[in-house]
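The next block holds one structure in the form of structure tokens; read it before the comments.
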Amino acid sequence: MSEKKVFVFGSFTEHETRSFFEQKPTKDPQNSKDKCVGSIQFGSLNLAAENSSVNTNGELKKGEADGTVKSAGSQERLDASRPASSDKNNDSDAKLPRKNSLRVPEHVVQNGIIKEISESNKSLNNGVAVKTDPIGLDNLSMSDGESDPVYKASSSKFQALDNEDFSSDSSSGSIQRKKNLKVPTESVPPVKDFTPRGLINAGNLCFLNATLQALLSCSPFVQLLQKIQLQDIPKADSPTLAAFSEFISELDVPSSSSIRNNVTVVEAGRPFRPAMFEGVLRNFTPDVLNNMSGRPRQEDAQEFLSFIMDQMHDELLKLKEQSPKVTASKSSVISSANDDGDEWETVGPKNKSAVTRTQSFVPSELSEIFGGQLKSVVKAKGTKASATVQPYLLLHLDIHPDGVQGIEDALHLFSAQEDLEGYRASVTGKTGVVSASKSIKIQKLSKIMILHLMRFSYGSQGSTKLRKGVKFPLELNLNRSHLVSLSNESLRYELVATITHHGWDPSKGHYTTDARRKNGQWLRFDDASVTPIGTKLVLHDQAYVLFYKQV
């Protein structure tokens, strides 16, 4: 018999059976094989329809790949990663970043639903128009206890990742750290733009995630982290610096931007869990246990930001075997007679003298980025004016007065003169209450200016939130009236990040961050979700913390 065996079913004569074996193929088997392979369809993805696209009705048409969402006029897209498998046998794969192409920026596929992220006040949910968040954040996942229906979300874009249990660093879903070579800090190259990566929220940790994403938009701060990463940081003495050193190593730096089919491609790495900050959170809230596996309450993002900045400032000084006499968090606006510092009499431009006292402050690499100086002048009847120079890392702006409608109004109120009630001064040897006034102006500008909009107030009946709209610009030009004197410093700042609180109570609600990339593209970070947005969505009026970079 022939080498190939053929089974014939049915009743055939001997002549008919012999003819089957002698029959020659009519086509070349190899050509037939090639033709079949080219038309194989795997699942719902038709490889032969690679040049098709999705029209407005969800039907395929020629021109784009099946499964790709493209908006008309869209010039950028995000290579967003997808949740990894929860299979425990794939631990080795979980350490590698996964990157897939998702064409956006105006449409996002969320749990199988195409959602449009636009400036309009309506979106489609399975073809039905629904009410959206006025800030464009209708798909946020809220913390437990938050009942605001406007910002309540039904699902999270990376829900599968959010529910994963990460018990150790090896299973945290993070990429493997590269071996760091210890080189002089002078050889650190200019800061590059990091691949955006979402941060997993195990429960009430969005204040941490939002703060970290905002800081990553500040290029001088990122460059500082790169220098820290090249040093041996003792974790016991410098837990905050050690956490940031490990955190920055989890981020990839793209070698170059890529353009495909006249569309700029932005790569996004797989979301990971910032477990390296567990010790920092323990120091921030010693009364809260199980910090990274879920917390019983939400924390104030601005308070956490101030805490880690103060900690980094002190730890950087310890590395240089220095210790500050007065830190920014402990400084006061009005100096007392017991304050440490130098005191001298200065003469102003109008030949008016004032007793000036400068608080002792040892600068650090962090304060060189975020730090500036304020000068507070108190004028009392019958006495010489007294001035106090103090450092700052961020400016607290009162937005409660009705006249404050924007950031410029809040800055004007910040530097305006105010009357002091019950001010006691020694006049002609007698101490008594005299009329006095106080004004605060900026003596030294910071490279990164952080503006805290004071939306929360605390009283005997608990905390309340002011939800009034406060406008802020993409480009901020400081008025010279905010400064002590004219200088050669640039008064122009560009917005690089915002932190927004959604909800009514600081112990509840949710935090998100809008951050600008080096190429000017704005991204919205909502825990594990990373979404490109337009500037109209960035310039909403409910921001809580603003980050401006001097240009």
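Cβ coordinates come from backbone N, Cα and C, glycine included.
The following features are taken from Swiss-Prot:
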{"type": "REGION", "residues": "51-104", "note": "region 'Disordered'"}
{"type": "REGION", "residues": "163-188", "note": "region 'Disordered'"}
{"type": "DOMAIN", "residues": "197-551", "note": "domain 'USP'"}
{"type": "ACT_SITE", "residues": "CYS206", "note": "active site, nucleophile"}
{"type": "REGION", "residues": "329-349", "note": "region 'Disordered'"}
{"type": "COMPBIAS", "residues": "329-338", "note": "compositional bias 'Polar residues'"}
{"type": "ACT_SITE", "residues": "HIS510", "note": "active site, proton acceptor"}
DSSP three-state assignment for the residue listed as 'active site, nucleophile':
helix
Whole-number answer please: how many Å between the C-alpha atoms of HIS510 (active site, proton acceptor) and CYS206 (active site, nucleophile)?
6
For HIS510 (active site, proton acceptor), which DSSP three-state class applies?
strand
Taking all residues of the domain 'USP' (197-551) together, what is their mean pLDDT?
85
